[in-house]
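**Q** Got a structure for you, written out below as structure tokens; questions coming shortly.
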Amino acid sequence: YFKKFQYCGYAPHVRSCKPNTDGISSLENLLASIIQRVFVWVVSAITCFGNIFVICMRPYIRSENKLHAISIMSLCCADCLMGIYLFVIGAFDLKYRGEYNKHAQLWMDSIHCQLVGSLAILSTEVSVLLLTYLTLEKYICIVYPFRCLKPRKCRTISILVLIWIIGFAVAFIPLSNKEFFRNYYGTNGVCFPLHSEQSESSGSQIYSVVIFLGVNLAAFIIIVFSYGSMFYSVHQTAITATEIRNHIKKEMILAKRFFFIVFTDALCWIPIFILKLLSLLQVEIPGTITSWVVIFILPINSALNPLLYTLTTRPFKEMIHQVWYNYRQRRSKRDKGSQRAYGPSFIWVEMWPMHEITPKVKKPVLCTDSSEASVTTQSTRLNSCT
């Protein structure tokens, strides 16, 4: 019986050696479970494809709010790093398949593991900070419309650059001082520093707690509070409006979008917060839980952010319908031997979509909504913020 399962490799002739896994890795494989070995590729593919698709499509969605589009593309770049992280873990799992124990310690001490772990933290922190920034921007615009200053390109780009600098600092500071942090990223086979083991250095534990229970928890609370306040503000406006039915319908659409954004954030971060609290209380946490958190729970936001912030929005849907409409027009005119169809240009204002488009587009549509989250009495508010 050893403290770590890797030590069993030094006793090959022992009939039964325990433990033979730490819940994440086994003597044979970097990822012990067949489910994890399969889904690490599935989640990686979904995350990378979704975010790359949005990055490629964003330039084709013409928008008055160019700065918002830049922020969304920056968010997709951060989320895509999480897919790359999972891809690398899956690749090294294939490399060490069947003989992982021979390479386990070398892998966890290697520069590859350190860089992969840094990539995961960089993706996580930049994504969290960007979501917080986008939320606060909408919060000020909706709840305090008369205080809303039109964002300038210089200010927005400066904030985005600052967020990425903070992300790089948080991710790579543990690599700068080995004596204080020790092997910060190399505590498990997936190189993610949840640090549930009490044997780790105090520096590593303090730093991990500050990041996960300090920065990330504060960001999560800000996001929940902001969306709650935004919904309450729209709800109060709808109560005093005259067209009750239309406002109720718009309010429900807005409530659904707010709910799913807050729900995915909660689904991603609450389990991690609980794990860190249990770790502080010196509760023993099985390694299996850590592996499931890293592969299934942590990438939830990275995989769903393209869906929530781009693929389900009105500008994207109408662009797809318009492309299909133009294609059918060109095909119809080509069959008739006439000239090519003219593809009109569009300007989409994107904040929060309120109206579902019709399934069949009969003619080109020019979108003039000032905001996807606007109700009739709030159109003036959001106009000033786009």
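Backbone N, Cα and C atoms are what each Cβ position is placed from, and that goes for glycine too.
Where the annotation comes from TrEMBL, it is an automatic prediction and has not been curated.
Below, the features straight out of TrEMBL:
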type     : residues : note
TRANSMEM : 38-57    : transmembrane segment
DOMAIN   : 50-309   : domain 'G-protein coupled receptors family 1 profile'
TRANSMEM : 69-92    : transmembrane segment
TRANSMEM : 115-136  : transmembrane segment
TRANSMEM : 157-175  : transmembrane segment
TRANSMEM : 206-227  : transmembrane segment
TRANSMEM : 258-283  : transmembrane segment
TRANSMEM : 289-311  : transmembrane segment
**Q** Same chain, outside the transmembrane segment (206-227) by at least 6, Cβ under 8 Å from its Cβ: which residues?
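**A** For the transmembrane segment (206-227), the sequence-distant neighbours (Cβ-Cβ under 8 Å, at least 6 residues beyond its ends) are 121, 124-125, 128-129, 131-132, 135-136, 138-139, 170, 173-174, 181, 184, 193-195, 258, 261-262, 265-266, 269, 272-273, 276-277, 280.
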**Q** In terms of Cβ proximity under 8 Å, which residues at least six beyond the ends of the transmembrane segment (289-311) contact it?
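**A** Result: 23-24, 31-33, 36, 39-40, 43, 46-47, 50-51, 53-54, 57-58, 72, 75-76, 78-80, 82-83, 86, 120, 123-124, 127, 131, 134, 188, 190, 192, 194, 196, 257, 260-261, 264-265, 267-268, 271-272, 275.
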**Q** If we call contact 3 or more Cβ pairs under 8 Å (sequence gap 6 or more), are the transmembrane segment (69-92) and the transmembrane segment (157-175) touching?
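**A** They are in contact.
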**Q** Quick one: average pLDDT across the domain 'G-protein coupled receptors family 1 profile' (50-309), no decimals.
**A** 81
**Q** Do any residues of this chain, six or more beyond the ends of the transmembrane segment (115-136), have a C-beta under 8 angstroms from a C-beta of it, and if so which?
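**A** Non-local partners: 68, 71-72, 74-75, 78-82, 84-85, 88-89, 159-160, 163-164, 166-168, 170-172, 174-175, 184-186, 191-193, 211, 215-216, 219-220, 222-223, 226-227, 265, 294, 298, 301-302, 305, 309.
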